[in-house]
Ligand code: HEM
């Protein structure tokens with residue numbers, strides 16, 4: 001592309017920018033976008049990996065695999081909901097600072113964006129169908145019923161992920177947007193096509209399901225081992241599978257990461273050999289080394305570190321991924337999200353962080369405490385006075401939040 005063509009693309013992107021500006025510093029949106037993307041992809045990977053174990057268990061006659069499959073289904077179910085909830089957050093952030101890119105990409109593939117929701121609902125239903133068919137048969141040796149629904153669920157989840165991947169890839173090619181819109185001299189309003197993808201990048205993010213799920217297996221052993229009815233032979237076996245998955249999975253993912261870096265578009269310049277390009281891959285292979293060093297034997301403390309470590313590695317990759325976007329859009333096309341017009345709104349900025357810290361903090365602590373304790377209790381768990389107080393506090397905080405929402409809303413409306 002010559003300088004004039006690049007200038008045209010730059011101008012087009014700025015023309016598409018929302019003239020109303022944004023309510024706080026753009027770097028805050030990017031920071032939160034990266035953080036929440038790391039959380040999103042962690043739960044996506046957990047959901048895919050635990051679903052795969054569920055399936056493997058369903059087709060295997062080995063009693064341990066059967067049992068592990070049933071146990072991982074419980075985690076898969078929860079992970080899908082968490083992945084969806086924490087998927088919304090990066091979506092909100094990316095559409096604020098990269099609105100010209102996000103919306104163009106969405107409009108160009110509008111049918112797929114709508115299909116995304118429908119496919120996701122079907123995938124979730126299929127998983128629950130399998131669960132309802134087999135939920136009561138946990139740990140039993142009978143062959144699970146309706147295995148087709150679990151296969152369907154996993155395939156559809158992968159399709160959903162591919163749609164997201166393609167939308168993200170299209171963002172990186174503003175030079176092609178017009179071409180995609182005007183095909184063979186005709187305007188294509190249909191939105192029926194996904195125009196860009198990088199199979200290595202997609203495979204890399206999906207493959208990280210292997211080490212992340214390995215981390216879950218190691219954590220599973222540690223968590224369940226304190227129960228009075230713990231079957232240590234089975235749990236130790238599961239943790240050994242987990243360690244293997246972390247090590248082998250990290251190597252596979254590193255290879256795919258390198259393949260992704262080797263197939264970057266020309267507009268990415270030297271990103272692959274830049275600090276961030278290298279750091280992403282080093283972090284992934286570093287996970288295998290960490291597991292080799294820190295997960296020896298029972299690893300009572302480090303077992304609980306396996307998932308947080310996976311999150312840290314995911315975060316490094318998420319930063320690299322964001323730097324790649326910045327390098328292409330700013331480095332090559334001179335579009336800088338940092339020069340977005342700011343119309344400072346301290347109230348909404350403050351409310352966001354307070355909601356995150358106080359509402360999120362207290363309510364989440366309550367939920368997690370209940371989930372943690374009931375998972376480690378044999379039979380029915382009855383919360384003590386402190387946990388009950390935390391529950392009451394959570395309800396009050398949420399109620400207060402709703403009240404302030406309406407009070408401020410009516411106040412602003414009445415102005
Ligand atoms: C449950 C199935 C899902 C899977 C398997 C999945 C998978 C993925 C993958 C692989 C990526 C990385 C794409 C890339 O960088 O190449 C991604 C990014 C993303 N996903 Fe998901 N996702 C799922 C659901 C969702 C949902 C329900 C939402 C939100 C409503 C969501 C929002 C996002 C966002 C905002 C990004 C980043 C976009 C960007 O930074 O450009 N995802 N997802």
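The backbone N, Cα and C atoms fix where each Cβ goes, glycine too.
In TrEMBL, the annotation transmembrane segment applies to 301-320, one of the ranges 241-260, 301-320. Sequence-distant contacts of the transmembrane segment (301-320) (same chain, at least 6 residues past either end, Cβ-Cβ under 8 Å): 34-35, 37-39, 41-42, 45, 208, 211-212, 214-216, 218-219, 221-222, 239, 242, 246, 257, 276-277, 279-280, 283-284, 286-287, 290-291, 294-295. Here the transmembrane segment (199-220) has Cβ contacts under 8 Å with residues 41-42, 44-46, 48-50, 52-53, 68, 71-72, 75, 158, 161-162, 165, 169, 235, 238-239, 241-250, 252-253, 256-257, 259-260, 262-263, 284, 287-288, 291, 295, 299, 303-304, 306-307, 309-310, 314, 317 of the same chain, all six or more residues outside its ends.
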